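Scroll down for the structure; my scribbles are underneath it.
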């Protein structure tokens, strides 16, 4: 207790209260200004602030995801069936070997894309492991280190586990919730999600190429085609753009002569090419996070901090289950930095 210049007295009061750790059940004495604390025995983190469990719009979110799944499945079936109907007669008219090769590629890509889509959509995203909590004799020292308690599921939640309000469950190593598959992407189906993206990107690129190849044989021949070819061979960059523009306008002018098969191919090309670009960006983003040893949610939580994970090709090998012996032959970012400094 100290006396101030005005004659009044200033005193420091240490208000403490007793609380119970949810992890081990031990009684703890904490200051009143500590809404979040970590147990010194089991390591569990307790948040004293009440968590409001929200269940509003849960049914609407689930219905939205189911609609997206149906739309995506119908789109994939349309691309497969429409491509077969529009491209196969032209491909088989070229040669029998070309038609057989195209059939094998289409069937393989269709089975791969649809099977991985079904797996990632209906497979469990990653259920957390059930762990003992609440009893001091049963919970050992540090057994719940950095664990938190999920008030939605009323269960312990590991550091890399997040609760998805759309799915209504905690997901281990949750990356994000994707409405187009109607499921979360987590430890249980992350590999299937990457496999689906790879298969879908290859399928859409192949569909785009085959649509262009088939359209060349379906569209009526252009007038002055030899003149266009001569201009392309002897023109500079500005003239090339002008010639390409004239060719596109010529094809648009002949669009009235395009059959229904040609219109379907044009739509398939636009749809497949745009989807291929979007999925390629998403695939590159996912592989970048895996290379950094992070997920999308952990990347968001680490923004603004100085945490820099181990950027290594070994993270990719570990993710896909490849032998770690290959890692020694692959360069890492840290090794490159060390070599650059020396």
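Cβ coordinates are placed from backbone N, Cα and C, and glycine is handled just like the others.
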- Note on the structure: Matching 94-122, 123-151, 152-180 to TrEMBL annotations, transmembrane segment lands on 94-122
- Item | Matching range for TrEMBL feature annotation, transmembrane segment, among 23-44, 45-66, 67-88 | 67-88
- What same-chain residues lie close to the transmembrane segment (193-219): Cβ under 8 Å, and 6 or more beyond its ends? 79, 83, 86-87, 90-91, 93-94, 102, 105, 109-110, 112-113, 116-117, 119-120, 175, 178, 181, 185, 251, 254, 258-259, 261-262, 265-266, 268-269, 272-273, 275-276, 279-280, 282-283, 286-287, 290
- Query: Residues of the same chain, at least six outside the transmembrane segment (94-122), with any C-beta under 8 angstroms of its C-beta?
  - Reply: 69, 72-73, 76, 80, 83-84, 87-88, 181-183, 185, 189, 192-193, 195-196, 199-200, 202-203, 206, 210, 217
- Message: Give the mean pLDDT for the domain 'Palmitoyltransferase DHHC' (146-300) on the 0 to 100 scale.
- Response: 79
